[in-house]
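Chemist: Below is the structure I would like to discuss, written out as structure tokens.
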């Protein structure tokens, strides 16, 4: 026991277990003025935005009376987003279709980029590239945008009377109703971040253990769940906006 205690004390004194110095993951930053900008997220987000803009321009630059395959695909996506928005928001869904559609497409392409794009081959001074939604900064930003959107929807529809919802059906529920508005963005951000991070980690581990056959069905499952996560986020965002405009829980 004395020998073991001495060994542990020696290790601690030599600093081999300085927990405060341990970092989970590394990040690549740009210094802009007095601010540190998370470059990894910006780079991958710009790539996703470029993919969305480029594919949209290519598909609809010459609209045809008889739609082409690309035009048909984007019309189908638009109809799908309109249906989701109308179902969750109601008859006043029109102005919110661009917002819900942008959320869905950005998250969908971001999620798929983690599985389909070879981010790892791009070398950075620190850290590595991954899907934008694999970073908590991205998912929190998307969730906060959703929060701003449903507050704006409620205030624009009802004015200051929107805040009366916090004391309905009884003022006793005021703390719970306030807490609910904080838990919505938290649940949105952590659900998306956790699922995408876990999916990528599972694929990485399986590829390192069995690099040929086993990871392939897992990757297909990851693509499916990534699409579902994008749909869940967009659907919940639309539901929160519809709820704030209707004033019911």
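Each residue, glycine too, has its Cβ placed from N, Cα and C.
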Chemist: With Swiss-Prot as the source, which of 180-200, 201-221 is set down as transmembrane segment?
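Modeler: Result: 201-221 is the stretch Swiss-Prot calls transmembrane segment.
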Chemist: For the transmembrane segment entry in Swiss-Prot, name the matching range from 73-93, 136-156.
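Modeler: Matching range for transmembrane segment: 136-156.
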Chemist: Which sequence positions outside the transmembrane segment (222-242), separated from its termini by at least 6 residues, show Cβ-Cβ distances below 8 Å to it?
Modeler: 81, 84-85, 87-90, 93, 96, 99-101, 103-104, 107-108, 111-112, 114-116, 142, 146, 149-150, 153, 184, 188, 191-192, 195-196, 199-200, 202-203
Chemist: Hey, which bits of the same chain come close to the transmembrane segment (136-156), Cβ under 8 Å, at least six residues off its ends?
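Modeler: Same-chain contacts beyond the ends: 38, 41, 45, 96, 99, 103, 106-107, 110, 162, 165, 181, 184-186, 188-190, 192-193, 233, 236-237, 240-241, 243-245, 247.
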